[in-house]
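Have a look at the structure below before the remarks.
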Amino acid sequence: MAGARGAGCATAATRARPGKRPPEPEPVPEPEELSLLCAPALSLGDGRDSGLSDREESVFSGLEDSGSDSSADTTAEEENGASGDENHSGMEKTTGQQAETSSPRTEEMRVQGGDEYAEDSSDEEDVRNTVGNVPLEWYDDFPHVGYDLDGKRIYKPIRTRDELDQFLDKMDDPDYWRTVQDRMTGRDVRLTDEQVALVQRLQRGQFGDVSFDPYEPAVDFFSGDLMIHPVTNRPADKRSFIPSLVEKEKRLAWEQQEPAERKLNFLPRKFPSLRAVPAYGRFIQERFERCLDLYLCPRQRKMRVNVDPEDLIPKLPRPRDLQPFPTCQALVYRGHGDLVRCLSVSPGGQWLASGSDDGSVRLWEVATARCMRTVPVGGVVRSVAWNPHPTICLVAVAVEDAVLLLNPALGDRLVVGSTDQLLSGFTPPAEPALQPAHWLEASEEERQEGLRLRIRHGKPVTQVTWHGRGDYMAVVLAAPGHTQVLIHQLSRRRSQSPFRRSHGQVQRVAFHPVRPFLLVASQRSVRLYHLLRQELTKKLMPNCKWVSSLAVHPAGDNVICGSYDSKLVWFDLDLSTRPYRVLRHHKKALRAVAFHPQYPLFASGSDDGSVIVCHGMVYNDLLQNPLLVPVKVLRGHVLTRDLGVLDVAFHPTQPWVFSSGADGTIRLFT
């Protein structure tokens, strides 16, 4: 009966290829082998499927039983008498139709009846993975690692061992330390002694080849003997007998430098040999100075502390977490023919006033950059200030020795009309008092241009600024003496000098936004005066060579100063008269500083052509220090006459900043 089954299997294989020469008869195996091999095939010959999915097939079939040719593997299993779950799963996947249509390679191997690896030599590499040279990361999410020559999947090997099994293998297997996993086949490979020695040599930084000698004697191709025929007949370079132009430029640059700026206090010279080098000329002097240093130096023991440099850097928030702040250029206001020295924004933020060296004051619309009006003033405009009161439409302009009060006639007509009524309703006293300035009414022609009042001082005016209520304004005069600062009252047209003596050349003044204080900045200090008590309250020391600008925080407890030596100094009035923080972000002199009325922002403009916007958060808690973080560097102005940004001003309601420069333009950054 077993022989009949074996014959039936052979007959089915023979009928599978009609028109071909019948293969030679194979040696008849033992009856038990035939019964074991053919019984599963006969049981599945009715076409019923086992119903296993790809995942389940990957559990029962490993990489070993899914080689490049499944039919050849089946034949090899029949000849070797293999049994077990792997043979069983491999036989279940072979249907009756597949048995009838076997490949020619399978027929040929059946005819030969031998092992397919019998003819392999030991020199050939045993490559069991035939998926090709492709990255195996492509198959990380799949149960297989590629396809064989017949288009069938090659499943991954089963690895269900946990860490405990690996530990037991490590303890039991003496060769565990030299066992590695082959990523192409998924098998564990034991390294030979030669491979281990190669790895150890590479880890020590040696050459992989044992026979390679890196210290073998070098071959001397050139000798010291003078020969008839040279090794190379290359002509000499031109630079060998012509002085170098680069060395000449370096020598000229060294001679033009100051002695303190030179890296070397001598010029390098070239000598033909070491014997021709003379003695160092300053050897005795330098040795004497060194002896003095050793003799006069103080002896003390310094304890070094190991500190991580990262711990010394303050933990600052990211700039994107401190938004909003201006980041890019939005508009450019063009029209002035010379450098723009000053600018001011109206209280509502709709209009902008600018003064230039071309002798004119221009009024702009902020949203469109359109010049609404040009007022010629006949001189260089040093300062422009818009009245901060929302019901007064006035612009104060400092020109030469006078302060001009202009009504720009922009915006609400009721505000414009009420401003003219306020100025025209003044009744002069019967006996005018002696004042340090003269108030003059404008003529009819000047009123057509927008001029309403002219205040003459007899000395050049450098700055004009308004009080927060809009009735008082302070003026700085460029003259020695105690009359450098004057305070004017608009409603009563009265002027007064608040100081009896001078404390140096006054640079800038500013009113305190909340309290009756006046801040006066001289070259080396900033003094805080109480106007009602008429006394000095504080004297701030910025430690700068020359103060150039001044700004007060809207809350009134902090002050910033800019200087011509590239410093921005932050003062906390409640903390100390010394600077709380000194910022050195600019490379050249600072020309202007400003605070934002609503947002925690302040900006500085410099002669390097940049505007640096910083985040300055002031907390209500007196125990918490202000947070100062630079957030953006804004560029756009072109340096002209070695001057950059001359003035900066914030928009009253939006996080926008205006800057005027020496290139004759005004730029809006939003």
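The backbone N, Cα and C atoms fix where each Cβ goes, glycine too.
From a predicted model like this one, the values you see are computed outputs, not experimental measurements.
The compositional bias 'Low complexity' feature in TrEMBL is assigned to 1-16. Under the heading region 'Disordered', TrEMBL lists 1-127. As annotated by TrEMBL, compositional bias 'Basic and acidic residues' applies to 46-58. Taken from TrEMBL, the feature compositional bias 'Polar residues' covers 92-104. The compositional bias 'Acidic residues' annotation in TrEMBL covers 116-126. Per TrEMBL, the feature domain 'BOP1 N-terminal' maps to 139-326. Taken from TrEMBL, the feature repeat 'WD' covers 333-374, 583-613.
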* Structure fact -> Sequence-distant residues near the repeat 'WD' (333-374) by C-beta distance (under 8 Å, 6 or more away from its ends) are 380-390, 395, 397, 406, 408-411, 450, 640-641, 643, 646-647, 649-654, 658, 660-668
* Residues sitting near the repeat 'WD' (583-613): Cβ under 8 Å, six or more positions beyond its termini, same chain? -> 324-326, 548-554, 560-570, 628, 630-639, 642-650, 652-653, 655, 657, 659, 661, 669
* How do the residues of the repeat 'WD' (583-613) split into helix, strand and coil according to DSSP? -> 0 helix, 17 strand, 14 coil
* Structure fact -> Whole-number mean pLDDT, the repeat 'WD' (583-613), equals 91
